[in-house]
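The following features are taken from TrEMBL:
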type	residues	note
BINDING	A:91, A:92, A:93, A:94, A:95, A:96, A:97, A:98	ATP binding site
DOMAIN	A:5-332	domain 'Kinesin motor'
């Protein structure tokens with residue numbers, strides 16, 4: 001495959017202390033050989049579990065290193081070669097999303113591993129000059145804020161530039177010379193993020209955030225000419241809830257909840273709209289998140305989604321919802337199809353030609369070298385139709401002309 | 001006085017009236033004992049409850065980002081305390097207030113209030129060992145608590161609490177007859193179900209939602225049966241249904257009248273309908289979903305008629321008005337009315353009807369959307385002008401699609417009708433009316449004026465009619481192109497450009513003159529080419545591919561048109577030798593341009609190493625476009641006019657290579673057990689397969705000429 005499809009993996013975290021104390025049942029079964037996740041309904045334990053297959057499935061005892069080498073590595077590798085890559089982290093509040101992405105002292109997360117990977121690749125390749133820069137932004141209530149800028153309260157505008165793609169006006173970019181620089185930027189940005197403490201989770205993200213690493217490389221060819229290329233890695237942390245149903249008109253939910261989900265559901269809208277493909281215009285504005293990541297969803301980007309799951313029985317419905325969401329992302333092609341007019345004029349033309357060739361072979365038509373004279377154009381056989389319309393059926397000025405020419 | 005369930009009677013009510021004593025008069029005797037003297041004072045309970053509502057709905061808005069639920073948690077503690085410390089035997093009583101019972105309406109209201117409490121008293125006692133008053137107050141609190149849990153991301157607990165609540169309310173029925181719904185908690189029950197639908201739909205469990213939808217419809221049906229339309233007189237108050245406000249489970253609200261209570265209840269149901277629309281949408285039951293959308297929109301118009309009457313420039317203002325409503329009633333989640341949103345929804349809905357081929361209904365939706373937009377845009381007190389301008393343009397884009405689709409369907413139907421003896425079928429839908437009408441205020445929306453000026457809803461039967469559709473749609477698209485300029489709105493701009501090009505392509509069908517057909521094709525190129533050259537294929541890969549494919553196709557069509565003109569003229573001996581040579585050069589140039597663009601299109605699919613080769617396997621969605629591009633290439637090489645046999649041989653070789661590629665690709669995929677390529681390309685495959693047999697023979701013949 002040319003790698004344009006979205007890869008989706010799921011990872012189930014171990015029981016946390018609260019769930020252990022409550023003696024929660026484990027209802028998620030991961031088979032990392034078959035890449036399946038099975039979910040048992042706690043109310044109907046005898047029923048066959050719901051089963052989902054992904055591009056990867058990682059259980060409680062998995063470590064982030066494996067996840068990274070399986071799915072993270074190839075993606076980051078292509079970034080270093082000048083392609084774009086996007087990693088989405090998705091999951092309900094408290095499902096171990098940050099653990100997988102950021103990691104902790106015991107296990108390094110996907111993000112620090114990606115940093116190390118990039119700098120290692122860069123330092124071993126002396127044939128090119130590299131410039132690595134990073135930016136960090138969050139989308140909160142449909143406002144885009146620079147988490148690393150001097151003023152992180154200003155709402156920044158998006159701009160679609162014909163040559164440069166979508167960019168955020170006056171977003172700050174910071175040069176990174178080593179892994180520690182990236183870590184520092186990430187830490188700094190995280191402090192500025194809208195993280196809210198809820199009873200369920202000490203810090204649940206209230207906003208979407210995108211950390212972007214831009215790898216620009218400059219290479220001299222044999223004639224001494226310089227060639228520039230740039231790869232981009234987007235690390236997207238999706239806000240921890242998908243509570244809002246779609247359509248522009250939202251119920252009078254809290255403004256905050258509404259907006260968080262506006263982005264998430266619009267992402268779903270994009271995906272569903274792509275399946276549909278019918279000629280129509282839906283006048284809803286795409287969310288900022290969707291617009292910012294449109295080259296990940298409709299351009300040449302490798303896209304990976306990591307969905308985090310909780311094993312506990314009391315999260316059954318939410319876990320099921322996450323699995324369904326992930327499954328949707330996997331099943332549905334994220335690239336819009338090229339619309340070609342289903343006119344088969346070309347085909348019919350060729351079929352005519354074949355007919356004549358066959359006649360020639362059978363000796364029923366004079367043999368000539370192929371020339372344009374023989375290709376009978378379809379629309380020269382114009383149909384002449386006469387429309388017989390009821391005399392009183394139409395108002396005078398609306399009465400159609402009686403003769404129509406067409407192909 | 002001993003509690004006796006009884007029909008409401010003038011007698012018991014007059015006792016209330018006559019009791020002008022200092023303390024509130026007790027109609028029913030207290031059974032059991034008071035736990036905390038505080039907690040059976042209804043006024044005090046009401047006060048506490050208002051405190052909760054104020055915390056939850058108003059104060060919580062000020063919570064800092066780091067502690068998003070701070071006040072909600074605080075409110076939660078408060079309501080939990082209320083539930084835990086509640087008195088199980090709070091007696092039914094009505095405040096002594098002569099002002100309150102000054103009208104017949106109020107009189108009937110009180111009777112009912114009393115009657116419906118008395119009706120459930122025995123069941124409450126036997127099933128829950130509580131007085132009906134205590135029980136219902138508890139349910140009101142539990143509803144609020146459940147909502148609190150759901151809102152603060154502890155959905156599971158909230159949902160269970162709600163499910164238990166609605167079940168207990170059901171248990172109050174004497175039998176399961178649906179007409180037994182008690183108006184005291186019509187509102188509370190519908191609110192609870194709405195909340196449950198919300199929970200289950202956010203869990204994407206739509207099957208479950210459908211069951212809830214059914215119950216909600218039953219509740220509403222039952223309410224409707226028991227209430228007449230003529231709801232403002234006191235008779236109606238006597239015999240019809242009064243959907244009491246949930247907060248009235250504590251104390252009657254003097255500020256509410258029957259109309260207000262019913263309006264609130266209807267608004268609640270509008271919210272349900274809005275959920276239904278989404279659920280059916282998710283279940284891919286498009287027609288049902290569209291119907292519920294339309295109902296929601298219609299009810300919004302009915303509910304907010306006075307707002308629409310006085311529209312001015314700031315669409316958000318009305319949200320603010322609605323938000324600032326007093327908290328005296330149970331705050332209710334309404335489908336907020338924002339005129340700009342309304343117009344957006346109506347326009348989006350139009351696209352559904354366009355897809356269904358119902359242009360009359362689509363046009364009505366679009367005209368209504370435009371009427372609202374006109375009003376908003378013509379106001380002098382515009383705020384948020386940028387957003388209004390963008391959204392207006394975005395909504396008007398729907399007309400472009402409408403025009404394209406109408407021309408497209410016209411074309412299809414005309415072609416179909418050629419095979420049919422009776423062409424009157426073409427006129428079957430002529431002047432068919434819209435499925436529904438939104439009741440916009442007449443000064444805002446003049447049906448005659450709006451719809452007469454808009455694009456017709458009838459299919460085009462000849463060039464003149466097609467041209468009318470074309471011109472109107474083109475005018476709108478050209479206007480909004482100025483809003484969505486390329487630098488800043490690349491995706492939107494490209495879409496609009498492509499729409500304009502599509503419009504031409506359908507108009508061309510109606511044009512019979514070949515030269516004029518050519519001119520229109522050139523217009524399409526003038527639209528697409530500059531944009532295609534300007535945009536980066538790294539960031540707008542899909543758009544770029546689409547444009548390259550479009551341009552390749554247009555050049556190919558030009559090749560055909562020019563070839564036909566050439567042939568026609570030659571047959572009529574109108575061509576001098578010189579002119580003839582010129583025409584051939586032109587045709588070959590066009591073929592070359594087409595080939596160029598299809599090659600560029602295929603280049604965007606190329607992969608490592610160095611992005612120079614086509615992939616072994618295309619992504620599923622690219623298979624047909626890529627192979628079709630190959631097919632075009634094959635055809636185009638066979639259309640190049642060459643005199644020297646060596647040149648001709650070269651071209652046939654190219655044709656052969658391209659056809660072979662298509663066949664090899666499909667065969668290879670089949671061998672690997674993948675049918676998609678073959679399924680999608682079967683007709684082209686068969687034709688290519690035959691050509692592969694013929695072409696080498698031709699090449700052989702040409703070689704003898706060299």
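Cβ coordinates come from backbone N, Cα and C, glycine included.
Bear in mind that the values here come from a model prediction, so they are computed numbers and not experimental data.
Local packing around the binding-site residues A:92, A:93, A:98 was summarised as the count of other Cβ atoms within 10 Å of each Cβ; on this measure the leading residue is A:92. With an 8 Å limit on C-beta distances, the binding-site residues from A:93, A:95, A:96, A:97 that reach chain B are A:93.
Classification of residue A:97 (ATP binding site) by DSSP places it within a helix. Other Cβ atoms within 10 Å of the Cβ of residue A:91 (ATP binding site) number 28 in total over all chains. Other Cβ atoms within 10 Å of the Cβ of residue A:97 (ATP binding site) number 26 in total over all chains. This prediction places the mean pLDDT of the domain 'Kinesin motor' (A:5-332) at 80.
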